[in-house]
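Working notes for the structure below.
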Amino acid sequence: MRRRRALWFWVFVGPFAAGLTLFTYVPLLWSVGLSFFDAHNTVTPTHFVGLDNYTAMLRDGAFVGSLKTFLLFTAFIVPVTYLLSLSLALMVNRVRWARAFFRSVFFLPAACSYVVAALVWKMSIFNGVRFGLANTVLGWFGGDPVAWLSTTDPPWYWLVIVSVRLWLQAGFYMILFLAGLQRIDPVLYEAAAVDGARPGWTVLRHITLPQLRATSVAVVLLLVINAFQAFDEFYNLLSDARGYPPYARPPLVYLYYTALGQGQNLGLGSAGAVILALIVAVVTVGQARWLKLGRTDPDG
Amino acid sequence: MTMSRRALLAAGAGAGAGLLAACGSNTGRGGGGSGTELSQWYHQYGEPGTEQAVQRYAAAYKKAHVKVQWRPGNYDQQTAAALLTDSGPDVFEVNGPTLDQIQGGQVVDLTDLLKGVRDDFNPAVLTPKTYDGRVWGIPQVIDMQMLYYRKSLLKDAGVEPPATLDALVDAARRLTGSKVKGLFLGNDGGAGVLGGTPLYAAGLQLVTEDGKVGFDDPAAARTLGKLHQLYADKSLLLGAPADWSDPSAFIQGLTAMQWSGLWALPQIQKELGDDFGVLPFPKDGGQGKPSVPVGAYGAAVSARGRHKEAAKEFVRWLWVERTDYQEDFALSYGFHIPARISLAKKAGKLRSGAAADAVRFTTEHGYAQPLLWTPAAQTAYQDALSRIIGSGADPEGELRAVVRKVAGELDRVKKKS
């Protein structure tokens, strides 16, 4: 009986384990190996260069610049999306009439793809000519048209990137917070009211937010992961046939061009990938510690 | 309907096998059968009829069965990755080959295919496909870029077609009004498309003939600074719905002048009739000269292909012998200049008006990106140009860093030769 169960275990798990090994772990280890070699146009290099690829990558202004861009993007988009989606959830949760309507209105953008939204933002709302929506509104107040995606001083392109992401994401996280809010026992609020706590900031701080801790942990984790994976809106808003401007180039895209594009420098690209993986690992561990993930709740 | 576990497993195994077959087999090489089978890759052209044309050329070749693959998406990346494996194409068109591909032994030496006709290929596009005196790709057609200007708008503003970069800056400023901008160099202000063109207009180069940095000169900073002047004057159209490669902004009257490609000429002619002219990028400074960038996709043979000699023979037949097909490919679908000088001279469509000017600019002022200009050098220069134009970064400081980077790249590639 046990042998038969083991057989079925491998029938179901085996193909996936083999696939994972073959397509994930072997390439991963191979890539780490490549990062120590001069691997131009080859995946089986012979010239060992030690840490040269790592030092070259860390001195590469384009790569370091792309890392800074994304760290800045993450540092901004995560708290802003968190606050916006929490605020929306708190508002929608208090609405007494047309509840379903308001929930749908805020959630619907989540059904739109990043590509479509980015193109609408780029071509209709934030194009730089006088008949773009944003420029038309500016024109009503006597303002000159602004080249939203081409201006770095001030960096208006951030407004476009951030607004499209907020529009697409906030509704989804609002739903998560709503679910969290509805799980809070009303007795807690009643007890607080009996004790004299007024609805508002005090109740929010001492009851709602602590009760939403588990949801908040999940939301922050998802937001950070999504921010590091951001690609669609950068690609559709800012890239052209010749690539990205230096101020908005995702690091993974730069590594892709270095290793797999015409650069074909697989050693250098692999070193960059290892550096990026280490940064993501450090951020993840730091975040897990900050959010106290994995610790047993003494009350729980 | 329910499904038994056995049926589910069988279905899963079947789907898996199908998926594996689909992943591994679509290389375009074909297998078995009689005679040699060659796989030929093209990037996806925008012009209708081009795909049918190359299918027709392939079908007309009798010494081998040539299977054409029309590949959309990031073609350069696709071919670069395919060359690392032996499941890639036998023959492929390439915006190169790059120096790393040549030095890495990924492409086959095609020098002997040009025996007796080498001088008939436009040197501007043959030179970047030549390394160590050997030819690694046969140029197919020439594409070039130039400055389109609207004659009526210039006349109304009392502006002459600019012959110098200073005159261009001045003209763009004077042509800019509340509804029309003076000049469109792309939505990024020209950083992406202009590349080395302003340096050549200043009498400099990206890489010198003896393999040194070609713009380690104060004139480079001076010229690139003028591009920022265009931006600072608000003379540039930015954020247009279609970018520089599309002539829509010019046709719709959003700009009085636009940098675009030869391919845009038929559309502009159709919409504006005679109300436009073309210019090379204007010269700058005493040593300067007008410049136009030219480029050419070329036919190359993969060194990992199974039928290298047959593939070379096919390339010779199509891109050296069959001049009728070459002319058809250049002029019947899109609008390109044939890579063969003799064909370009006799092509009726290129003998008058703006098209004739374009051919003349190509011959007199054309420059192609040098083979030694590596992707890493390109990224460093392009990023600096973007910061100079859009952010007003100090051109001298930016160029100093680029010169260091490019010099390092040149040392690296020269060590391998």
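Using the three backbone atoms N, Cα and C, a Cβ is placed for every residue, glycine included.
TrEMBL lists A:67-287 with the feature domain 'ABC transmembrane type-1'.
The transmembrane segment annotation in TrEMBL covers A:7-30 (among others). Away from its own ends, the transmembrane segment (A:7-30) comes close to residues 43 of its chain (Cβ-Cβ under 8 Å, at least six residues beyond either end).
Remote same-chain residues near the transmembrane segment (A:70-93) are listed as 99, 102-103, 106, 158, 161-162, 165-166, 169-178, 180-182, 204, 208, 212, 216, 219-220, 223-224, 227-228, 230, 250-251 (criterion: CB distance under 8 Å, separation of at least six residues from the stretch ends). The transmembrane segment feature in TrEMBL is assigned to A:70-93 (among others).
Long-range contacts of the transmembrane segment (A:100-121) within its own chain (CB-CB distance under 8 A, at least 6 residues past either end) are made by residues 88, 91-92, 160, 163-164, 167-172, 174-175, 178, 232-233, 235-237. Per TrEMBL, transmembrane segment is recorded for A:100-121 (among others).
For A:156-179 (among others), the entry in TrEMBL reads transmembrane segment. Within the same chain, residues 73, 76-77, 80-82, 84-86, 88-90, 92-93, 103, 106-110, 112, 114, 117-118, 121-122, 126, 146-150, 212, 215, 218-219, 222-223, 226, 230, 233-234, 237-238, 247-248 sit at least 6 positions outside the transmembrane segment (A:156-179) and bring their C-beta atoms closer than 8 Å to a C-beta of that stretch.
The feature transmembrane segment is assigned by TrEMBL to A:212-231 (among others). Within the chain, the transmembrane segment (A:212-231) has long-range Cβ neighbours (under 8 A, six or more residues past its boundaries) at 70, 73-74, 77-78, 81-82, 85-86, 165, 169, 173, 176-177, 179-181, 184, 250, 252-253, 280, 283-284, 287, 291, 293.
Taken from TrEMBL, the feature transmembrane segment applies to A:266-285 (among others). Tertiary neighbourhood of the transmembrane segment (A:266-285): same-chain residues 31-32, 34-43, 45, 49, 53-54, 56-58, 63, 67, 224, 228, 251-252, 254-256, 258-260, selected by CB-CB distance under 8 Å and a gap of 6+ residues from either end.
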